[in-house]
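Annotated in TrEMBL:
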BINDING   A:HIS2  Ni(2+) binding site
BINDING   A:CYS74, A:CYS77, A:CYS90, A:CYS93  Zn(2+) binding site
Amino acid sequence: MHEMGIAQELVRIALEALPRDLKDPKVASLNLRIGKLSSVVPHSLTFCFEIITKDTPLEHARLDIERVPVVIRCDTCGRQWEADTPVFRCPDCENGQVQMISGREIDIDSLTLME
Amino acid sequence: MEIKIRKNILEKNLTEADKNRSFFREKKVFVLNMMSSPGSGKTQTLCRTLAQLMPDIQVGVIVGDICTTNDADRLAKTGAKVTQINTDQFGGDCHLTAPMIDTAARQLGCDDLDLLIVENIGNLVCPAEFDIGENARVVVLSVTEGEDKPVKYPLMFQVSEAAILNKVDLLPYLEFDAALAVENMKTVHPGMPVFELSAKTGQGFEPWLEWLRRQL
């Protein structure tokens, strides 16, 4: 689906973050945070990433993906909970006015260079 | 050695979406992003919507499809200004991005528009993830799909401000539980207005038009 576009952006951001004074840098891993509600499939993202990083400093870099849980907070009673099913109604007061605290991340946190 | 980056991978699209928002604010045009799976009846819903809103409200449409101009051709017959985005001839992107909308909106010209509707590419997954600088999102589900689609594709229904349940004229011929479909939508997005209508017959259309007029 759209994982190729996301992989391309990821590569662009990672390459820009590499120190320019390093000769022949090699990246060991990219540390990502992907929310469970975001429509990104880690397996597809890794597949696309491997294809487009051949012959670049990112070739063979590992994608370490932390899945961020879906955390919701009720606007009415302030209850905060982790959702494991797509139910966005407060379990206490049944109110529907809620805020999404986490779960939609598609973030790169850092990269690790090879020693 | 670890290098901290801390960025949203889609930041480029988000920046472009913010630019679009400023452009639309400057032009005083309200932008609606309409999304659904293929075949839910987005185009027919739009054809009837445009016929009812125009000429009091000036509407422009950006139609996104992988290929063909079929939808744009249908919509142009309403007299609205229409432009088509094709993402590729034989299978391109499955969603519209903010830069595509920028190009299309400038090509269309927004000076005399009150409302710009973007008919996104038929897909219940990817379009939900890409901000295009819209003011509101509407998801269309039709009764020929399944009652459980909202819980199968929660992000789409969670990010939408309103939903349409289309093709209700077919309910007598189907084993589709409309009440369950609406309940599922409200489980994923409590409080979201759901308009049960038929774009073909016009049944139930007025509350949808009222909602839309109130947004402008």
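Backbone N, Cα and C define each Cβ position, glycine as well.
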Alpha-carbon spacing, A:CYS74 (Zn(2+) binding site) to the residue listed as 'Ni(2+) binding site', which is rounded to whole Å: 31
Binding-site residues, contacting chain B; criterion Cβ under 8 Å; candidates A:HIS2, A:CYS74, A:CYS77, A:CYS93: A:HIS2
Beyond the site residues A:CYS74, A:CYS77, A:CYS90, A:CYS93: chain residues whose C-beta lies within 8 Å of the centroid, for Zn(2+): A:ASP75, A:THR76, A:GLY78, A:ARG79, A:PRO91, A:ASP92, A:GLU94, A:ASN95, A:VAL98
Pairwise Cα distance for A:CYS77 (Zn(2+) binding site)/the residue listed as 'Ni(2+) binding site' [Å, integer]: 37
Spatial separation of the residue listed as 'Ni(2+) binding site' from A:CYS90 (Zn(2+) binding site) - C-alpha basis, Å: 32
Whole-number Å value for how far A:CYS93 (Zn(2+) binding site) lies from A:HIS2 (Ni(2+) binding site) (Cα to Cα): 37
Cβ neighbour count (within 10 Å, all chains shown) around A:CYS77 (Zn(2+) binding site): 12
